[in-house]
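Quick notes on the structure that follows.
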Amino acid sequence: MPGGDMAKPLLDHQNADSNSSLAPAAESRTIGILGSGDFARSLSMRLVCSGFKVVVGSRNPKRNASLFPSAVEVTVQADAIKKADIVFVAIFREHYTTLYDLNSELSGKILVDVSNNAEINHHKESNAEYLASLFPACTVVKGFNVISSWTLQSGPRDGNKQVFICCDNQEAKQAVAEIAHALGFTPVDMGALFSAREIENIPLRLLPAWKIPVFLALGLFLCFYTYNFIRQVLHPYIREKKNKFYKIPVEIVNTTLPCVAYVMLSLVYLPGVLAAIFQLYHCTKYRRFPDWLDQWLQHRKQIGLLSFFCAALHAVYSLCLPMRRSHRYLLLNEAVKQVEKKTDAWVEEEVWRMEIYISFGIMALGLLSLLAITSLPSISNSLNWREFSFVQSTLGFVALVISTLHTLTYGWTRAFDENQYKFYLPPTFTLTLLVPCTIILAKLFFHLSCMNQRLQRIRNGWERSRYVNFTLPRASGEFSSGESSSTV
Amino acid sequence: MPGGDMAKPLLDHQNADSNSSLAPAAESRTIGILGSGDFARSLSMRLVCSGFKVVVGSRNPKRNASLFPSAVEVTVQADAIKKADIVFVAIFREHYTTLYDLNSELSGKILVDVSNNAEINHHKESNAEYLASLFPACTVVKGFNVISSWTLQSGPRDGNKQVFICCDNQEAKQAVAEIAHALGFTPVDMGALFSAREIENIPLRLLPAWKIPVFLALGLFLCFYTYNFIRQVLHPYIREKKNKFYKIPVEIVNTTLPCVAYVMLSLVYLPGVLAAIFQLYHCTKYRRFPDWLDQWLQHRKQIGLLSFFCAALHAVYSLCLPMRRSHRYLLLNEAVKQVEKKTDAWVEEEVWRMEIYISFGIMALGLLSLLAITSLPSISNSLNWREFSFVQSTLGFVALVISTLHTLTYGWTRAFDENQYKFYLPPTFTLTLLVPCTIILAKLFFHLSCMNQRLQRIRNGWERSRYVNFTLPRASGEFSSGESSSTV
Amino acid sequence: MPGGDMAKPLLDHQNADSNSSLAPAAESRTIGILGSGDFARSLSMRLVCSGFKVVVGSRNPKRNASLFPSAVEVTVQADAIKKADIVFVAIFREHYTTLYDLNSELSGKILVDVSNNAEINHHKESNAEYLASLFPACTVVKGFNVISSWTLQSGPRDGNKQVFICCDNQEAKQAVAEIAHALGFTPVDMGALFSAREIENIPLRLLPAWKIPVFLALGLFLCFYTYNFIRQVLHPYIREKKNKFYKIPVEIVNTTLPCVAYVMLSLVYLPGVLAAIFQLYHCTKYRRFPDWLDQWLQHRKQIGLLSFFCAALHAVYSLCLPMRRSHRYLLLNEAVKQVEKKTDAWVEEEVWRMEIYISFGIMALGLLSLLAITSLPSISNSLNWREFSFVQSTLGFVALVISTLHTLTYGWTRAFDENQYKFYLPPTFTLTLLVPCTIILAKLFFHLSCMNQRLQRIRNGWERSRYVNFTLPRASGEFSSGESSSTV
């Protein structure tokens with residue numbers, strides 16, 4: 001073979017090559033698989049491609065052999081178990097007991113439980129612990145359950161690379177971790193088999209970080225919608241017998257959305273202020289924040305994105321206003337009146353009010369869209385700490401200030417107009433101003449007073465006590481810009 | 001040297017460090033390069049940075065030495081070949097024959113063909129096979145052609161990490177795979193040299209997954225545009241001599257876009273329904289879908305994104321409507337008429353119709369934009385299977401239902417209005433409702449009837465035959481949410 | 001232990017597993033850390049998780065032991081240094097001198113300087129060089145400063161994976177590189193300790209690639225805004241005493257934004273034309289572009305994204321126009337006039353003009369949004385060179401042509417209307433047309449004349465001289481589509 005003599009020494013380096021699909025490190029190892037479903041087939045394919053020998057144990061090997069790649073040996077279960085030290089158990093939990101007959105063959109083997117449940121905490125004990133209790137002579141390793149057949153076939157992608165593994169035996173865990181590594185995945189050690197429940201719940205999670213923020217947004221929406229409905233529809237109907245019910249689908253939604261967006265945006269920056277007060281009060285940063293504050297700090301990204309979503313919807317709704325029939329009809333009726341009055345329709349103050357608040361609104365939306373874009377994983381990962389903090393913290397605060405100006409100019413003098421207090425209810429915008437204005441004032445107070453300096457010192461590790469902790473300056477910015485710096 | 005005594009043992013671990021640009025594993029190896037173009041220079045630079053010795057063979061070494069980093073040895077071609085066992089051939093296919101004189105020196109070497117063609121299937125045989133036929137005493141490996149000079153210089157990025165390699169000799173392939181690995185790339189084994197044509201076509205591909213969906217969208221656009229043109233422009237011109245040609249650039253486009261968006265959205269969910277019927281009919285999931293259905297299932301993402309693009313354009317076009325002069329002039333003329341009539345312009349039914357369909361339209365667009373955002377690779381990769389399926393399958397279907405409501409409320413009673421049948425052509429919206437309504441009814445039927453349960457069982461591996469296949473529950477969701485589960 | 005006998009041989013492969021958090025390669029090594037701040041704690045945690053033994057040297061070990069994971073040994077500084085060969089110095093530069101007392105213990109050790117500064121070039125010499133000057137008997141390695149405590153705790157993400165390392169001693173650098181690798185980071189060799197300043201400046205960078213484009217956009221905005229203000233507000237005020245100041249917040253911004261967007265878009269394609277002329281003039285591609293042109297070529301992405309941002313804002317501002325009170329009042333007044341005139345308001349030419357330029361505007365915006373989306377790292381990384389070039393170069397140029405048509409149809413015949421020359425200033429759109437039209441004409445000229453062929457030859461490596469360079473065809477496209485191909 002030409003070139004063969006030089007290729008030899010290279011082969012000694014092959015162990016290093018485990019990340020590649022060409023990796024031959026595992027060449028001589030045999031892996032067993034019990035089961036012949038989608039997962040078993042995809043796993044066998046990937047194992048073969050990564051250089052493993054694969055032997056599949058099936059109850060009906062002749063019938064199922066055709067389902068597997070030809071390089072895979074399909075045989076009866078007992079035979080497959082004998083040939084391999086590591087056996088993937090790719091069958092339902094309900095069928096674990098069918099393996100009882102193979103108890104003696106399985107003894108001493110490493111069983112990899114790859115199963116998933118249909119719902120969170122479905123069974124009292126995790127599938128892996130159940131398997132371990134059935135076969136006490138085996139070492140059970142939980143793993144690969146987060147990987148779908150599809151990912152096995154198409155190769156690991158960025159976010160689906162992690163394989164969570166747990167086992168009571170360190171060496172068995174290591175062996176399975178290496179298989180994961182050889183297949184191109186990143187094994188993550190989750191500790192003892194006790195963690196199997198947690199691992200089994202991972203693929204059943206449904207956007208857990210979004211739950212609270214979404215319910216918060218829906219709750220705020222309902223409250224503000226009811227409030228606006230009472231003021232804008234119910235009040236004219238009861239007091240003046242005017243039918244304004246046509247406002248329900250668009251106009252009331254459009255006065256509700258900005259309230260939600262604005263309050264949510266302020267809720268992104270409120271926990272930062274609370275954390276600063278907490279740190280100033282306790283004069284240390286080494287005290288753990290209360291749980292609710294910690295949770296809040298960690299949900300800021302989701303709250304902010306929902307705020308942007310509401311703001312964007314508000315923009316679209318607003319832009320739709322002049323397109324509607326109702327707008328057209330009102331305009332026509334006004335034109336008829338105008339012709340009768342024969343005066344100039346122009347009201348300078350109203351013109352200025354609207355030009356200014358539209359202008360602020362667009363600016364705030366533009367800034368928020370920049371914040372949303374830098375929240376995309378592929379972009380935020382390419383920013384350094386200072387850049388991320390500048391965009392999310394500084395630009396975000398500017399967006400909050402501009403939103404406040406948008407709200408104030410929208411309100412103009414209405415807060416002081418008696419007629420606006422329908423059923424003694426103040427105009428909606430006045431309600432939303434409370435939190436944001438507090439935050440802006442608090443931030444101003446921190447910046448103007450000596451508090452800022454003190455806060456910096458605290459975040460650099462300073463405490464009231466004599467001893468000065470050594471801390472890197474980098475740590476100082478970490479709290480204010482999105483990550484909770486509470487110590488564990 | 002301080003610290004030297006402790007650094008020694010660490011150096012033994014170096015083989016493990018092949019992913020790093022500091023990896024010294026390749027320290028003592030010499031790689032040859034023939035050619036002195038951009039690619040040769042970038043490759044030499046990267047090889048040197050990764051610890052290889054590089055010797056470049058040039059026809060004019062004195063002149064070209066200045067083009068290479070100083071660590072690279074630039075010499076005459078024969079000399080360079082002698083010094084290395086692996087030689088990168090970084091010259092045009094047209095000049096391969098100029099290497100004939102070096103036949104004896106090249107004998108037994110591994111030649112790496114990195115060349116590309118100007119167009120797909122330009123030559124009868126691939127460049128690598130051509131090179132192999134010229135130098136039968138060499139082992140030719142195809143590879144690195146998908147990597148640009150720029151990527152070599154700036155380092156591999158996420159999507160450009162894969163280096164496809166093929167060769168008839170396993171050891172030569174392995175050796176080149178290790179060089180790729182040492183340079184920070186992920187080698188992918190593509191089999192024998194026969195695959196070189198396929199590899200050479202990879203960098204020439206132009207968005208292959210988008211071709212069919214884009215032509216589909218353009219085709220639908222043309223059909224609906226013509227149909228709307230006949231109804232909205234030609235009909236009033238012929239029947240009433242009314243000049244409505246000004247509708248061509250904006251209004252007809254704006255009635256065409258939502259039709260395309262809506263039909264495309266329904267085409268995202270139609271193949272899923274067809275696949276379910278196919279599986280129910282054959283009572284198994286182990287039967288391969290027909291090719292057209294498989295293709296269709298794989299293009300759903302692109303069809304969906306084009307649908308969103310059309311929907312977004314439709315939104316922008318709609319919002320532009322009241323901005324136009326034509327809108328202004330029509331309004332003014334109507335105002336004049338209104339003044340003469342002196343009646344109230346308000347039409348309660350029209351108002352409600354428009355408020356409701358605008359409202360549904362915005363909701364559908366908001367949902368579709370969520371779907372589009374979760375289609376971004378960096379986001380979809382961070383979702384687990386259940387989350388991806390929830391967003392793409394459940395939210396997507398809700399978007400389809402809301403779009404249907406948008407269309408139905410837009411249509412209102414027009415489908416039953418004789419005047420709307422211009423040239424006996426029914427209103428456009430009635431045509432688009434066909435497929436989506438069928439899909440919604442089919443999905444409802446599946447959910448209500450016992451079909452759903454049967455489908456679940458089939459997707460869990462059940463077949464009409466007595467034998468129950470072992471399959472993991474995870475597989476059950478895979479078909480309905482974006483990936484074809486047909487077995488290979 | 002069951003399975004233990006088979007797990008043994010696997011353990012020999014462990015060195016290959018350095019990418020995994022289960023990697024035991026480093027099992028027996030001890031790493032020292034001086035300091036007990038956030039960074040010290042996070043680093044110790046990650047080191048322990050990756051299998052290292054960690055000994056922390058603290059001035060007050062009893063008090064601080066509770067801050068660290070229990071697996072970490074916290075002791076007095078001298079003791080910690082004795083136990084480890086590699087010592088991370090996680091203390092402020094200001095406190096380096098407090099380590100003087102430990103001079104003898106530190107002798108011969110590798111010190112890793114992980115410190116950052118508060119601002120760029122704050123001190124005359126880099127922290128690492130300062131540390132090296134204080135302890136000449138140690139080998140100082142700079143590194144890990146770009147990694148935040150947060151990244152250490154949560155694990156490396158895509159963009160935060162690189163650890164820049166520099167040191168005068170190759171073996172010490174290698175040892176630290178391996179630690180970085182074992183922790184899951186990608187070590188990048190930055191050369192000698194002299195580079196420490198550069199490394200220390202990395203986390204202080206604030207979007208350096210955006211500075212020039214942002215200032216360019218702001219500058220253009222100011223110029224065009226002033227120009228439009230003079231023409232649209234000042235001129236009617238001075239000449240006709242008309243108060244048009246209400247146009248300041250929205251209307252003038254909206255006539256300024258498209259100018260900025262359009263000029264910025266043309267500035268994306270201008271450097272490509274200049275580079276082509278440069279190459280044609282010098283008849284080679286091996287001549288370095290002037291620095292300003294090189295810089296310009298590298299900032300095209302940012303300029304293009306800012307252009308899209310302005311175009312999107314312009315769209316939102318335009319869509320807001322009919323929503324405003326001023327629009328409503330003007331319409332009402334016009335309606336009144338119309339009633340008096342009793343003529344048809346319809347002006348066919350105005351209608352067509354507006355329908356056409358709105359249509360072109362939406363098309364251009366749609367194309368630009370495709371360009372912006374493909375600029376997202378996660379998408380551009382998944383495109384091959386030809387696809388990226390097709391979208392950014394071909395579609396981008398089409399967007400420029402359509403924007404030009406949008407501008408021309410917006411202008412219509414106004415450029416030839418004397419009344420439009422307020423204060424003898426030509427209408428704004430005529431000013432913006434200059435650069436784009438030049439570019440389009442130059443591109444047309446290149447394509448039509450034999451210049452194109454010559455340019456292709458030059459980009460394939462051809463020079464006026466007799467000798468023909470070997471270059472891969474791939475290189476030919478590289479210049480025109482986003483990367484500077486100037487040789488180094």
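Just so it is clear, glycine is given a Cβ too, placed from its N, Cα and C backbone atoms.
Please treat TrEMBL annotations as automatic predictions, because they have not gone through curation.
TrEMBL assigns the feature transmembrane segment to one of the listed ranges (C:63-87, C:388-412), namely C:388-412.
DSSP labels the residues of the domain 'Pyrroline-5-carboxylate reductase catalytic N-terminal' (C:30-117) in these numbers: 40 helix, 23 strand, 25 coil. The transmembrane segment (C:303-324) makes contact with the transmembrane segment (C:212-230), as judged by at least three Cβ pairs under 8 Å among residues 6 or more apart in sequence.
Between the transmembrane segment (C:424-446) and the transmembrane segment (C:356-376), fewer than three CB pairs separated by 6 or more residues in sequence fall under 8 Å, so the two stretches do not touch. The list of residues near the transmembrane segment (C:212-230) in space but at least 6 beyond its ends in sequence, with Cβ under 8 angstroms from a Cβ of it, reads 248, 252-253, 255-257, 259-260, 263-264, 267, 295, 299, 302-303, 306, 310, 422-423, 425, 428, 431. The DSSP breakdown of the domain 'Ferric oxidoreductase' (C:259-401) into helical (H, G, I), extended (E, B) and coil residues amounts to 121 helix, 0 strand, 22 coil.
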